[in-house]
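Copied over from TrEMBL:
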COMPBIAS  1-30  compositional bias 'Basic and acidic residues'
COMPBIAS  188-202  compositional bias 'Basic and acidic residues'
DOMAIN    60-95  domain 'EF-hand'
REGION    1-45  region 'Disordered'
REGION    188-210  region 'Disordered'
Amino acid sequence: MMKEHERREHLKTMNEDGRKTEAQHYEEMKRKHADHPKVNHPGSEDQLKEVWQESDGLDPENFDPKTFFKIHDSNGDGFFDENELEALFTKELEKVYNPENEEDDMVEMEEERLRMREHVMNEVDTNKDRLVSLGEFIAATKKEEFSEKDEWETLEQKPVYTEEELREYEQHLVSEELDINQKAAELQKQRDELERKQEELNAQKFGLQQ
């Protein structure tokens, strides 16, 4: 949200021609960023099989959830923690984000990674301990939705805020700025008062020394 706010504020500093050029560039970057292969739903059969095939070099026809879990449980503690889960989404994220491309925001990529992680946690971590056990993982692969072919809606397809929420956010920023300025003015006033009193005290000391 801050990124979009800053973009709009930047536009306000430009002349009409500059705004038009910037808007065209922005739309072109959005179009290029949106042009990517299908992103599999995190935690789905298609997504895990893609990791199994491309990262692990194994035949997708021989996909085995228990073996997959053991391969990617990197510390061998019998659980997927948050970092181990996030690592599973790298292949999907690489379809959308490339650090060499101007249109791809790597900060946004990490936001997308967190969205994917939280989605899988909510679906699979049934005891809500922020860890996915082997049992929870196997149970998730037996659910009907595991084999569904739904595409994951990325951030550019499913904005995380509305225009109204953006306006409220901007109003909040303005309010915060006014509050900070007011506090700064009060602090300056207190500082000036302390300096005045210090000068009076110094003058009194000087008078006593005469």
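Glycine is no exception: its Cβ is also placed from the backbone N, Cα and C atoms.
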Revision key, fill the gap. Same-chain residues at least 6 beyond the ends of the region 'Disordered' (1-45) with a Cβ under 8 Å from one of its Cβ atoms are 63, 88-89, 92, 95-96, 101-105, 107-108, 116-117, 119-120, 123-124, 140-141, 145-152, 154, 156-157, 160-161, 165-166, 169-170, 173
Revision key, fill the gap. Grouping DSSP H, G, I as helix and E, B as strand, the residues of the compositional bias 'Basic and acidic residues' (188-202) number 15 helix, 0 strand, 0 coil
